[in-house]
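As recorded in TrEMBL, the features of this protein are as follows:
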type	residues	note
BINDING	14, 15, 16, 178, 213, 234, 235	substrate binding site
ACT_SITE	100	active site, electrophile
ACT_SITE	172	active site, proton acceptor
Ligand SMILES: O=C(CO)COP(=O)(O)O
């Protein structure tokens with residue numbers, strides 16, 4: 001059976017709708033020049049679609065992995081403006097985020113649609129990062145775990161438990177995303193334990209990230225929790241020093257765990 005120490009840590013930067021070719025170059029060069037090797041942590045960046053080839057090329061001989069922020073679940077066809085999983089694989093992506101709360105809300109993506117994206121990602125050889133998280137209202141009403149359980153259940157029913165051996169789950173409380181309000185390590189740990197519990201014995205190997213106002217100065221305390229395996233970063237991933245420091249915090253905690 002896998003234990004906490006067997007799970008690699010993962011830090012993923014979600015650049016959201018930010019960047020230009022020139023700004024990306026500056027940011028990537030700053031990250032690469034400050035980078036210190038990580039033994040127990042994988043690090044990935046998910047830029048806007050149009051910059052995927054730029055990142056794939058710039059990061060090709062680096063340890064940094066490239067991911068995308070979404071995909072259309074169809075293989076190809078008359079879907080103007082959409083991008084398929086095969087296209088993402090073809091552009092050098094390894095990960096793809098599905099179910100981010102900004103897309104659930106602004107693009108009206110339903111739990112079922114997210115499940116289709118999850119399946120399509122895996123069919124294209126991508127590792128989906130499935131985002132789940134509750135609204136502030138749900139938390140205040142004491143329904144956070146019910147809301148998250150429902151989001152997970154729809155994908156588990158569609159894909160099966162085994163599919164999660166090739167997936168990552170990210171807990172992003174909506175009230176903590178881009179607000180500067182971070183869940184406390186204890187609040188996040190409670191939800192991560194709940195999420196892991198939905199997968200039975202298989203849950204031991206599942207990498208579960210926390211996302212929502214993670215910064216260099218709160219990352220260490222979050223990563224110290226036994227069920228927080230890394231972070232999905234928004235704002236902090238646009239700053240080279242913050243991004244590197246958060247990856248190093250993950251390494252520090254992971255190194256402590258393996259000693
Ligand atoms: O949404 C997020 C990552 O996907 C988190 O964003 P912030 O780190 O900016 O709160």
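Just so you know, glycine gets a Cβ as well, placed from its N, Cα and C.
Unlike curated records, TrEMBL annotations are generated automatically.
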Same chain, 6+ residues apart, C-beta under 8 Å of the C-beta of residue 14 (substrate binding site), given in sequence order: 46, 69, 97, 100, 211, 232, 233, 234, 237
Residues near the residue listed as 'active site, proton acceptor' in space but at least six apart in sequence (CB under 8 A): 100, 101, 131, 132, 133, 210, 211, 212, 232
Neighbourhood of residue 213 (substrate binding site) by C-beta distance under 8 A, where only residues 6 or more apart in the same chain count: 176, 177, 178, 179, 180, 181, 182, 235
Under 8 Å by Cβ from residue 16 (substrate binding site), same chain, sequence gap 6 or more: 48, 69, 102, 234
Cβ neighbour count (within 10 Å, all chains shown) around residue 178 (substrate binding site): 12
All-chain count of other Cβ atoms within 10 Å of residue 235 (substrate binding site): 18
In sequence order, those binding-site residues of 15, 16, 213, 234, 235 whose CB lies under 6 Å from ligand 1: 213, 234, 235
DSSP-derived class (H/G/I helix, E/B strand, else coil) of residue 14 (substrate binding site): strand
Other C-beta atoms that fall within 10 angstroms of the C-beta of residue 100 (active site, electrophile): 27
Under 8 Å by Cβ from residue 15 (substrate binding site), same chain, sequence gap 6 or more: 45, 46, 47, 48, 69, 237, 238
Three-class DSSP secondary structure - residue 235 (substrate binding site): helix
